[in-house]
């Protein structure tokens, strides 16, 4: 059995090589001779086969015939072998049918593009080319221009990704119409790879261990629209996930799955279109006889709040270091982004140093500015200019900063003044004539050597006067606080005494009224007044007269005393 299979394979390969040689020779002769008659080159000798191959290689449009056997898939192969005799060719023809696949080179040499056409694809048996079968080109074609040919059983050819089709077919022959693409291929914009059955009107869905069938035409907003059939009952998506034990999730788009993916994927690809919650269509109302407007669900994105900080980090201005060279001691001025100037170390000047100095500002990590043209002039010392500038230095700004005064021990007698002029980085400073600076002013007063001490002495005296005034005010406030406490205590004692005098004569409680006759006795109620009236009626008028007389005498004495004073 194996011998017969190998013999059949050899016969088939030989027949395929013969057909390929014949087709190549015919194409070469037609291209070379033009209108001349075709030469019969169907010889089966090896010499004619070599001549045909050499002529085919010299021609620009290379045409190669590929034989496809309708035998077992394992016997599909292409190659050139020794040609058999006429008897073997007849046996091969009786064994299987041969289909010719023509490959034409239609592009440039660097494109490596092939197009294919099937001349007799209907003769290929279905069990050999079931679905799609890839045929690889063997030694009969150039290895640099190898490609992949996909043959359908219905005769259509689908080119692989990246291949270019010709402007017009170069090889005559029957061209079968292309097969219509699946719905998934028509869409082309889906994020996931779906089976073509996803475009059916009914989809098998599952939530945990419960399965059902989703009807697309009955899909509503999720909470409404019973579109899932499970057994004989209809459920909405939320009811279906609740029945499966996922009611607490409240997210049916991710709880219910189709083909292993949640329904959210189908919605993102536009395969499912859920309705809005305010939709009043027939599906959402669970009444297919109604005809209301359909409002689709529109996904929304969360808006960013205005007060949210941007995700990109804000670049912080690094402080700039100013180094004065030459100098006897290394001193660095640090200019912060807010404009503050801080110094590290003591600033000293060498009397014998050169007049011209260079000030270099280094900024980290970016390239810093270069400050040049610092000149030491014969002028008086200036006070600080409000801790330099409110903003950091940048290239292109022309400004100046004046250094604060220092103690006289650290300064020469000439009181030099250092002025830093900002220049762009890597720029040559233009020569500018120096001008004598005006004398320094502090609060409108010229600051010189004797006047500076006078100014400081006046400041000290004013501070002492202010301290004395503050001490006096403090003593006055202290005495006032003492008097206030004494007055408060006296008023409290007086109030307690009055409270005791206004108690009821009968029972001792707090009095609410007094006797209208003498105004000296107080009562808490009319009951106490009636009870005490038996004793009080005898002394009510007498006590009043005596009291009044005593009062008059007392007043006269007080008046006499006042006159004497």
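Keep in mind that glycine also has a Cβ here, set from the backbone N, Cα and C atoms.
As annotated by Swiss-Prot, Zn(2+) 1 binding site applies to 504, 507, 524, 528, with the evidence given as sequence analysis. Annotation source Swiss-Prot lists Zn(2+) 2 binding site at 515, 518, 536, 540. Taken from Swiss-Prot, the feature domain 'SAND' applies to 193-273. Residues or ranges marked as phosphothreonine by Swiss-Prot: 171, 179, 432. For 34-62, 162-190, the entry in Swiss-Prot reads region 'Disordered'.
Locations of recorded Swiss-Prot features on the structure.
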{"residue": "504", "record": "Zn(2+) 1 binding site", "contacts (Cβ under 8 Å, 6+ apart)": "510, 511, 522, 523, 524, 525, 528"}
{"residue": "507", "record": "Zn(2+) 1 binding site", "contacts (Cβ under 8 Å, 6+ apart)": "524, 528"}
{"residue": "515", "record": "Zn(2+) 2 binding site", "contacts (Cβ under 8 Å, 6+ apart)": "521, 522, 523, 529, 536, 540"}
Please work out the number of neighbouring Cβ atoms within 10 Å of the Cβ of residue 524 (Zn(2+) 1 binding site), leaving out its own Cβ.
19
When the number of other CB atoms within 10 A of each residue's CB is tallied over all shown chains, which of the binding-site residues 518, 528, 540 has the maximum?
528
Hey, what's the Cβ neighbour count for residue 536 (Zn(2+) 2 binding site) at 10 Å?
19
Summary of DSSP states over the domain 'SAND' (193-273), given as helix, strand and coil counts:
24 helix, 22 strand, 35 coil
Near-site residues: Zn(2+) 1, ref 504, 507, 524, 528, CB cutoff 8 A to centroid:
503, 505, 506, 508, 509, 511, 523, 525, 527
Summarise the model's confidence over the domain 'SAND' (193-273) as a mean pLDDT value.
86
